[in-house]
Amino acid sequence: MAHETTSGRRLPDPTSPSDPTRRTAAIRIPFPARLNPHAERARQHTLQWVQETGLLTGDEATAEYDTLRLERLMAYFYPDASAGDLELAADFNAWFFIFDDQFDGGLGTRPHEIRGVVDALVGTMTTDGAPRPADVRDTPLVRAFRDIWLRSTAGAPYAWRLRFRDHWQAYLAAHVGEAHHRNADRLPSLEQFLEVRRHSIGVQPCLDFTERCGGYALPDELYRSFPLREMREITGDVVIFVNDIVSLVKELAAGDINNSVVIEREHKGCTLEESVEHITALANARTARFARLAASLPGTLADLGVPAPSREHVSHYVDGMRHVMAGNLSWSLATSRYDETGIAAVSGGRRRPWDGLTTATGTASPRHPRRA
């Protein structure tokens, strides 16, 4: 049996017994995953925050959200973060996934409407730390994003705030590009897909937060240097490929084609299992390249005369990339988002209970911007 996307494209059967999405044993991420000991505190904090901001309403929606254990993804990403920083990261991650789920239905194929959503969110990202006046027409998504933006940038160096803003703008704008991919008569090539997905995966803002948790901001010339630039791209690609393998059945059930496994199957004319093997090989080649770059980096920095404190910050930053790759895999295999429960939640036209937030206004808002 085949399934259709919202644009009528035929997709493979997501209920096939030869399910390739759990075949992650061949993925080689040679970095250990560690869990932050403050994970449960972050969970309790964020459950309260998503209700205060109006992102979730009602016990049923909150219970369904809680089964995803999204705070654990951040606890893997930032295993050494303070309790306050982890709470803020968990809030951002809650917003990220709730926002992502808005595009599982018809909105995901309407780029002009998405542009309006993006513009409203971009307008909240002031770099001077001054909050934009609230608008009575603001949605819970906008109000919640404003809250976490202000908390994240409070006291941060100006150059870091600019990078953080640029990465979030690119993340938001990429949803317009993904809508165009869904509407196109032909699937994009893998490279065309990655040009957009490298932004919509949201890894770059997460790596910015690695700096924040470490209490430093890399100088621009060091941040943009060749080794770190390529290592960031590798980190994002590995997260993309792992996500696409693990979430394949869920995305087929929802009718979404923005998945590297689906794209490679279409262009190579192979089976889903063969496509999974190919994407796995791409991920493994990238982690091997990352390891080689990381091994040569200390000597490169010393030869360039980079001061010792900056070298320590780079070491922390590189560890942060390792945490993101390893933590994403560990969390993805444990969350209910991609198991049978998560697949059923988006099958047969069903949407998550937090769908529709791009137009809902509501009245809930945080009592005050928390500082972390």
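Positions of Cβ are set from backbone N, Cα and C atoms, glycine also.
Remember, it's a predicted structure, so these values are computed and weren't measured experimentally.
What Swiss-Prot records for Asp100, Asp104 is Mg(2+) 1 binding site, and it gives similarity to another entry as the kind of evidence. Contacts of Asp100 (Mg(2+) 1 binding site) defined by a Cβ separation under 8 A and a same-chain sequence distance of 6+ are given as none.
The Mg(2+) 2 binding site feature in Swiss-Prot is assigned to Asp104; the stated evidence is similarity to another entry. Secondary structure at Asp104 (Mg(2+) 1 binding site), as computed by DSSP, is coil. The Cβ of Asp104 (Mg(2+) 1 binding site) lies under 8 Å from the Cβ of Ala254, Asp256, Val346, Arg351, Arg352, Asp355, each on the same chain and at least six residues away in sequence.
What Swiss-Prot lists as substrate binding site is Arg197, Lys250, Arg337, Tyr338. Secondary structure at Lys250 (substrate binding site), taken from DSSP and collapsed to helix, strand or coil, is helix.
What Swiss-Prot records for Asn243, Ser247, Glu251 is Mg(2+) 3 binding site. The number of other CB atoms found within 10 A of the CB of Asn243 (Mg(2+) 3 binding site), across every protein chain shown, is 19.
The annotation compositional bias 'Basic and acidic residues' is assigned in Swiss-Prot to 1-12.
As annotated by Swiss-Prot, region 'Disordered' applies to 1-23 (among others).
Swiss-Prot lists 349-372 (among others) with the feature region 'Disordered'.
The annotation motif 'DDXXD motif' is assigned in Swiss-Prot to 100-104. Mean pLDDT of the predicted structure over the motif 'DDXXD motif' (100-104): 88.
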* DSSP-derived structure type at Arg337 (substrate binding site), helix or strand or else coil -> helix
* **Alpha-carbon distance [Asn243 (Mg(2+) 3 binding site); Arg337 (substrate binding site)] in Å** => 11
* Asked: Three states by DSSP: which one describes Asn243 (Mg(2+) 3 binding site)?
  -> helix
* For substrate: widest Cα to Cα gap among Arg197, Lys250, Arg337, Tyr338 in Å -> 20
* Go through Arg197, Lys250, Arg337, our binding-site residues, and report the one whose Cβ sees the most other Cβ atoms within 10 Å. => Arg197
* Between Tyr338 (substrate binding site) and Ser247 (Mg(2+) 3 binding site), how far is it from one CA atom to the other, in Å? -> 6
